[in-house]
Amino acid sequence: MSYILALDQGTTSSRAIVFDTTATIRAIAQREFRQIFPRPGWVEHDGREIWATQVGVAAEALTRAGISPREVRAIGITNQRETTLLWDRRSGEPLHNAIVWQDRRTAELCDRLKADGLEPLFRQKTGLVLDAYFSGTKLAWLLEAIPGARSRAEAGELAFGTVDSWLAWNLSGGKLHVTDASNASRTLLFNITTLDWDDELLAILGIPRAVLPRVVDSGAVYGETAGDIFAAAIPLAGMAGDQQAALFGQACGTAGMAKNTYGTGCFLLMHCGTRPIESRHNLLTTVAWQLGGRAEYALEGSVFVAGAAVQWLRDGLGIIRSSGEVEALAASVPDSGGVCLVPAFTGLGAPHWDPYARGTIVGITRGTTAAHIARATLESIAFQSADLLTAMEADAGISLAELRVDGGATANGLLMQFQADLLGVPVVRPRISETTALGAAYLAGLAVGLWRDRQEIAGHWQVDRIFEPAMGREQAAELRGRWGRAVERARGWAAP
């Protein structure tokens with residue numbers, strides 16, 4: 001039998017998963033690595049540690065699966081997006097720690113660019129908002145902060161990359177300096193219409209083209225592993241950012257299909273076809289993937305606090321001992337008793353984008369119990385996701401037929417049922433929850449002919465459970481109206 005090795009490089013750990021030709025998981029290996037916080041608001045990773053943990057778990061997964069590298073048809077890479085590295089092309093050594101997507105050190109630069117009236121230009125070309133979250137301003141900071149870096153970059157001595165590029169460089173022994181279009185579209189430097197680095201944006205940020213990777217398809221044979229890494233040369237054949245890979249792994253391959261990943265936060269993506277849609281509701285437009293030189297696009301929105309709100313019930317309020325207890329506690333009451341909890345602990349993301357919003361609980365009476373607070377917390381995850389989906393439907397002009405879900409919180413049946421009730425469409429949980437790694441495996445497998453086409457891949461996608469909406473639309477509208485009033489009370493609370 002043939003196998004695909006998926007490398008899933010995340011924010012807190014590096015993982016490797018071996019899939020067989022039926023898309024069944026044969027082995028998983030995982031290692032955490034250090035989070036580095038040099039100053040408040042700064043978040044870094046050691047690029048060497050990312051590489052060491054990733055290659056380590058790859059070897060471990062092959063051992064656990066009981067297979068040799070010669071049986072691996074291809075490697076697919078998926079990664080934490082936006083995290084920025086700069087390294088020496090000759091030595092392969094990073095010049096600085098990786099600047100992580102969560103890092104806010106370039107917020108002032110973004111504010112200056114906005115004050116200069118440049119946000120509409122960036123938005124129109126990249127589909128993104130001008131925010132420190134994305135890679136472009138992080139790279140500009142590195143070129144400015146490291147002595148001599150800009151002149152060395154101009155001379156072609158340095159290489160920039162997001163984590164996919166860094167892994168491909170190391171896996172190929174320094175032969176490949178590439179990124180796929182889905183990762184490139186998260187940099188603030190890539191024009192999502194021309195599918196190329198944008199010279200006007202590069203000039204604004206002072207970034208030389210010579211430092212940038214070549215942009216490639218999300219599924220294609222780019223090269224192979226260097227001889228001393230595994231006991232065989234394995235084709236490197238798939239790359240995609242983690243959320244786009246999850247969309248592919250969920251077989252959301254046609255316009256209007258959507259997936260929501262429920263984790264610490266939520267990431268919701270809707271496939272919107274072969275043309276980018278400019279959002280009118282503060283959503284991001286991104287490349288979903290590029291195959292055969294042709295891009296497909298998605299609308300994306302983020303919920304900052306989802307599972308993190310349940311952690312707060314445990315660690316902050318102490319009303320549960322473990323996150324797993326929240327469902328039983330919330331289910332012990334028939335509803336939230338009129339309580340709304342808006343978990344805007346770090347502001348609100350799309351479609352509101354209000355950094356000054358703060359957490360709010362409204363509707364409390366003497367009859368309110370810990371169970372009502374727990375239920376309102378779970379419901380807040382579904383309300384925030386519903387707000388995003390409504391905005392996406394309006395932007396795309398498409399009515400959602402179903403929502404495919406993944407991530408740890410999908411094990412919570414009460415949450416999934418309430419999500420279906422609010423949306424009025426089925427919520428579908430797949431049998432394989434490792435959809436991010438599966439998406440990378442599918443992209444690589446397609447490139448080497450392990451699977452014929454995307455129709456065959458869609459045939460492998462299997463349902464674990466479908467949550468059908470059971471609430472009347474009038475009641476759902478009433479609940480969403482009440483939620484909207486609660487959000488208004490949370491907004492602007494910490495404004496100067």
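Using the three backbone atoms N, Cα and C, a Cβ is placed for every residue, glycine included.
Copied over from Swiss-Prot:
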- Thr11, Arg81, Glu82, Tyr133, Asp242: sn-glycerol 3-phosphate binding site (BINDING)
- Thr11, Thr12, Ser13, Thr264, Gly307, Gln311, Gly408: ATP binding site (BINDING)
- Thr11, Arg15, Thr264, Gly307, Gly408, Asn412: ADP binding site (BINDING)
- Arg81, Glu82, Tyr133, Asp242, Gln243: glycerol binding site (BINDING)
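Structure coloured by features recorded in Swiss-Prot.
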residue: Thr11; record: sn-glycerol 3-phosphate binding site; Cβ contacts under 8 Å, 6 or more apart: Gln80, Thr83, Val100, Trp101, Gln102
residue: Ser13; record: ATP binding site; Cβ contacts under 8 Å, 6 or more apart: Gln30, Arg31, Glu32, Phe33, Thr53
residue: Arg15; record: ADP binding site; Cβ contacts under 8 Å, 6 or more apart: Leu7, Asp8, Gln9, Ile28, Ala29, Gln30, Val57, Ala437
residue: Arg81; record: sn-glycerol 3-phosphate binding site; Cβ contacts under 8 Å, 6 or more apart: Trp101, Thr162, Val163, Asn183, Arg186, Gly241, Asp242, Gln243
residue: Glu82; record: sn-glycerol 3-phosphate binding site; Cβ contacts under 8 Å, 6 or more apart: Trp101, Tyr133, Phe134, Ser135, Lys138, Thr162, Arg186, Thr187
residue: Gly307; record: ATP binding site; Cβ contacts under 8 Å, 6 or more apart: Tyr262, Gly263, Thr264, Gly265, Ser323, Ile381, Gly407, Gly408, Ala409
residue: Gln311; record: ATP binding site; Cβ contacts under 8 Å, 6 or more apart: Thr264, Ser323
residue: Asn412; record: ADP binding site; Cβ contacts under 8 Å, 6 or more apart: Val326, Glu327, Leu378
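Secondary structure at Arg15 (ADP binding site), taken from DSSP and collapsed to helix, strand or coil, is strand. Counting neighbouring Cβ atoms within 10 Å of each of the binding-site residues (Thr12, Gln243, Thr264), the lowest count belongs to Thr12. Residue pairs drawn from Thr11, Arg15, Thr264, Gly307, Gly408, Asn412, the listed ADP binders, are separated by up to 24 Å at the Cα level.
Within 10 Å of the C-beta atom of Tyr133 (sn-glycerol 3-phosphate binding site) sit 22 other C-beta atoms, taking all shown protein chains into account.
The Cβ of Gly408 (ATP binding site) has 15 other Cβ atoms within 10 Å, all protein chains considered. In the three-state DSSP classification, Gln243 (glycerol binding site) falls within a helix.
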